[in-house]
Amino acid sequence: MANKLIDIVNISKSFGDNLVLDNLNLYIRQNEFLTLLGPSGCGKTTLLRILGGFESADHGEIIFEGKNINSLAPNKRKLNTVFQKYALFTHMTIAENIAFGLKIKGKTSSYISDKIKYALKLVNLDGFENRMPDSLSGGQQQRVAIARAIVNEPKVLLLDEPLGALDLKLRQDMQYELIRLKNELGITFVYVTHDQEEALTMSDTIVVMNQGYIQQIGTPEDIYNEPQNAFVADFIGESNILSALMVEDKLVKILGVDFPCVDIGFGKNRPVDAVIRPEDVELVTPDKGILQGIVSHLIFKGVHYEMEVEANNFTWLVHSTDMFPVGTNVGIYVDPYNIQIMKKPKTEDAEAVGVEE
Amino acid sequence: MKKFIQRFYLILILILLYSPIVTLIVLSFNNSKTRAKWGGFTVKWYASLFQNQDIMNALYTTLIIAFASAFLATIIGTAAAIGIQAMRKSVRTPIMAVTNIPMLNADIVTGISLMLLFVAIRFSLGFTTILFAHITFNIPYVILSVMPKLKQTNKATYEAALDLGASPIYAFFKVVFPDIFPGISSGFLLAFTMSLDDFIITHFTKGPGVDTLSTKIYGEVRKGIKPEMYALSTLLFVSVLLLLFVVNLSPSDKENKKVVKHRKQKQFIFRRLVPALLLLVLIGGGIFYGRSSNLTGKEQVIVYNWGEYMDPEVLDLFEEETGIQVVYEEFETNEIMYPKIQSGAIAYDVVCPSDYMIQRMIENNLLAELNYDNIPNAKNIGETYFIQSKQFDPENNFSIPYCWGTVGILYNKTMVEEPIDSWSVLWDEQYKDNILMQDSVRDAFGVTLKYLGYSLNSTDLDELEAAKKLLIEQKPLVQAYVIDQVRDKMIGNEAALGVIYSGEAIYTQWENENLEYVIPKEGSNVWIDSWVIPKNSKNKENAEAFINFLCRADIAKMNFDYITYSTPNDAARDLIEDEALKNSPIAFPPKEDLERCETFSFLGDENDALYNRLWREVKSN
């Protein structure tokens with residue numbers, strides 16, 4: 001692909017006996033907002049640190065704009081990092097923090113002060129030049145950290161769980177802010193998070209990782225609607241994951257009941273996993289359902305009701321704007337388009353990878 | 001009630017903690033020289049303190065060593081701490097333990113081992129060795145105070161700096177250094193105070209003529225505490241107090257973070273102004289005192305002599321006439337002096353040991369042969385004394401007599417039946433509880449062996465056992481076994497008889513005219529203290545010039561007047577105006593008396609041990 005900016009080839013890394021990245025391949029395109037998503041310990045931060053130059057890979061290559069940068073020192077790389085804990089220089093003012101990289105590059109002082117103004121405006125912190133980092137809130141500090149990184153006009157901005165320490169409201173605000181920044185600046189973002197909602201909101205591409213392996217790469221819609229294995233399905237959003245039997249093309253047997261679906265090519269009478277998102281489970285009168293069950297649990301969640309329905313020895317998670325009181329007999333119906341069929345992991349190793357979380 | 005007890009307890013503790021220091025401070029303003037009496041308020045001790053060149057020199061040395069050692073230890077320690085911090089935890093923990101051990105180690109062990117190390121690598125003790133020693137013991141303190149700050153430091157800030165394009169060194173100084181600066185500065189101040197405070201390690205690693213305040217004070221106190229010392233100690237206490245205030249006020253500027261201007265000012269004061277002022281004081285002091293200090297590297301001679309064994313004016317005269325600077329050190333006993341020379345740690349140029357010790361030094365090849373061409377004044381020394389010296393220096397190659405004397409009986413004419421002419425009076429029942437014996441093994445046995453008609457260098461077990469038996473028999477008659485108090489007790493008419501050195505006898509006669517001195521007819525000990533030059537002397541010609549100067553008639557006369565011990569210098573004796581003194585049989589006994597006397601010889605370590613064992617048996621019987 002012509003616009004590959006970074007190519008990560010066969011990267012492996014272990015700390016002691018602990019294999020963190022196993023022969024990982026990934027490319028990052030120009031101007032892309034790519035998110036590395038996974039539970040803690042999945043190797044996403046290590047991958048980011050290898051990109052930043054703070055760790056070196058045991059095997060493999062990092063190709064940046066066509067050149068191998070494996071042995072390039074962090075201060076020589078054309079990318080900047082926004083750290084998890086902001087890592088502001090506490091003994092410098094905000095202006096001094098932002099000017100840090102520019103001064104090293106030997107920019108003129110008028111250029112630097114223009115840049116400081118521009119960057120602070122960009123992150124909505126006009127007039128904060130002479131404040132000290134400790135006097136700022138977490139969100140403000142984070143925006144300073146971003147400003148400090150972007151004034152250097154990096155090709156790529158690496159962000160390591162930058163919103164992790166913020167409260168929910170602030171986090172949502174910052175998400176929009178980051179998207180806006182990315183669009184205004186036109187630089188590539190590589191974003192690390194364990195928060196699937198954050199990933200879905202902001203990314204062009206999501207890379208789901210677990211235990212050093214990439215589980216799935218795709219757009220947020222792909223990842224959400226077409227999880228390729230149980231791990232991804234479970235990790236992204238909430239889902240009902242059921243062991244099922246693919247009877248034939250477009251027909252799957254779930255909990256002993258035949259469900260029409262749209263998937264083909266799995267063969268006949270093959271064990272598979274079926275994923276059904278809770279909002280795709282439609283509750284109808286018992287006679288109209290494919291399956292019959294009893295509502296056992298009910299919580300009001302604001303946008304919708306969350307219910308649990310006991311049917312054929314399985315507890316179905318259901319999101320619905322309609323409310324059915326506990327004890328109601330209901331029918332369960334799923335649109336064939338909303339059943340996602342996945343292959344069962346073949347080997348035990350792959351299973352371990354998939355089912356761990 | 002409970003509150004009262006709480007307060008009472010607190011006050012009690014404060015009194016316990018601070019009453020000694022308050023006493024010291026009060027005494028430093030006491031106009032009266034004695035401690036017992038309040039003679040009104042004065043600051044004269046402070047004034048005389050600042051006029052005392054020696055003490056100001058010591059102060060300057062102390063400050064330089066404290067500053068330089070703290071500074072270097074801070075650099076080394078901080079670098080070490082960074083290295084240790086970067087290690088894996090399994091390595092870091094034992095390394096930290098290893099760096100902590102020197103702090104817990106007894107100072108005396110550190111001091112001795114440093115001295116041994118310096119001697120082993122042939123590094124002569126002096127200013128540099130103190131500096132090295134202080135750097136060594138300061139490093140762990142710096143590591144200890146920098147380490148926690150490093151642990152607190154967010155590693156990400158360093159990485160952030162690298163990420164923004166900083167080189168590792170730039171990143172360290174711009175980002176890490178300011179973060180750990182409080183740790184570094186408190187480490188520096190800790191090291192500084194530790195260095196100021198140290199006595200023991202300095203004592204073992206210092207060379208001649210270099211003194212820090214603590215060793216200077218120790219040296220002065222040995223001679224008797226002068227009120228200037230109270231003033232000096234008070235100033236030291238106040239300085240440390242001030243330093244503590246500085247430590248506690250320095251950049252802990254949490255509250256002032258928002259007020260940038262104020263912070264900058266504070267930063268300016270602590271980063272620029274304080275060090276600049278310190279530097280100014282150091283340089284100023286250096287220029288002011290450096291002129292007279294021995295650090296300036298001009299011609300010098302390092303003298304190692306008994307305490308109170310030379311007129312200080314003689315040294316001034318020598319410096320004036322020759323331009324050679326005298327570094328003067330004192331020792332208390334031959335046994336303290338010997339190992340210092342033997343170890344070669346300090347290259348003394350001229351030393352004044354006693355006869356038997358000279359013999360031992362010659363046997364151990366520690367002395368340099370004298371070049372008599374450089375000591376023409378040796379002709380002033382009487383032939384007799386050179387002949388006497390042959391007992392320990394057979395060829396007169398190594399030593400030139402300085403002082404000599406005999407051991408005899410001092411008696412109070414009004415309390416005894418004359419004539420006293422034999423050691424036998426020491427065993428005379430009628431003087432029970434009126435006899436003073438020397439509390440030293442060789443003197444006590446020497447007297448007894450002579451009484452028995454043996455040599456006082458006897459190593460014959462039967463003779464020694466006989467002497468021991470006699471000494472035990474004598475015990476009930478003896479009022480006290482003493483050394484220096486013989487003089488004072490005899491002057492005070494507290495005893496009738498005492499064994500004493502002739503030099504002391506002259507002085508007691510001036511104080512109490514009823515006292516008389518005699519060398520018993522059985523013979524006695526004649527001792528000679530002579531000047532020798534150690535083999536490792538670095539200024540042999542200066543040393544010979546010094547000996548030559550001391551042999552000059554007028555100079556020998558000055559010393560005789562000052563220390564009152566017999567001089568072997570015939571020319572000097574001729575200059576004595578007081579005919580009675582000039583012909584005193586105590587200072588200058590007749591030849592036939594002297595011929596009955598022997599000098600002590602070095603008997604070897606085994607016999608030394610034998611003597612000591614027998615003496616213990618006497619004392620414990």
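Cβ coordinates are placed from backbone N, Cα and C, and glycine is handled just like the others.
Nobody curates TrEMBL annotations by hand; they come from automatic prediction.
According to TrEMBL, the transmembrane segment annotation covers B:7-29, B:58-84, B:104-125, B:131-150, B:171-192, B:229-249, B:269-290. According to TrEMBL, the domain 'ABC transmembrane type-1' annotation covers B:59-247.
When Cβ-Cβ distances below 8 Å are used as the criterion, the transmembrane segment (B:7-29) is approached by residues 35, 41-43, 45-46, 227, 230-231, 233-234, 237 of the same chain, each at least six residues removed from its ends. Long-range Cβ contacts of the transmembrane segment (B:229-249) within its own chain (Cβ-Cβ under 8 Å, at least 6 residues beyond either end) map to 21, 24-25, 27-28, 30, 45-46, 49, 55, 186, 189, 192-193, 196-197, 213, 217, 220-221, 274. Relative to the transmembrane segment (B:58-84), the listed stretch B:131-150 leads the set B:104-125, B:131-150, B:171-192 in CB pairs under 8 A. Counting only same-chain residues 6+ beyond the ends of the transmembrane segment (B:171-192), those with a CB under 8 A from a CB of the stretch are 66-67, 69-71, 73-74, 77-78, 138, 141-150, 152-154, 157-158, 160-162, 243, 246-247, 250-252, 270. Remote same-chain residues near the transmembrane segment (B:131-150) are listed as 65-66, 68-70, 72-74, 76-78, 80-82, 84-85, 96, 99-100, 102-103, 110-111, 114, 118, 179-180, 182-184, 186-188, 190-191, 194-195, 198, 201-202, 204-205 (criterion: CB distance under 8 Å, separation of at least six residues from the stretch ends).
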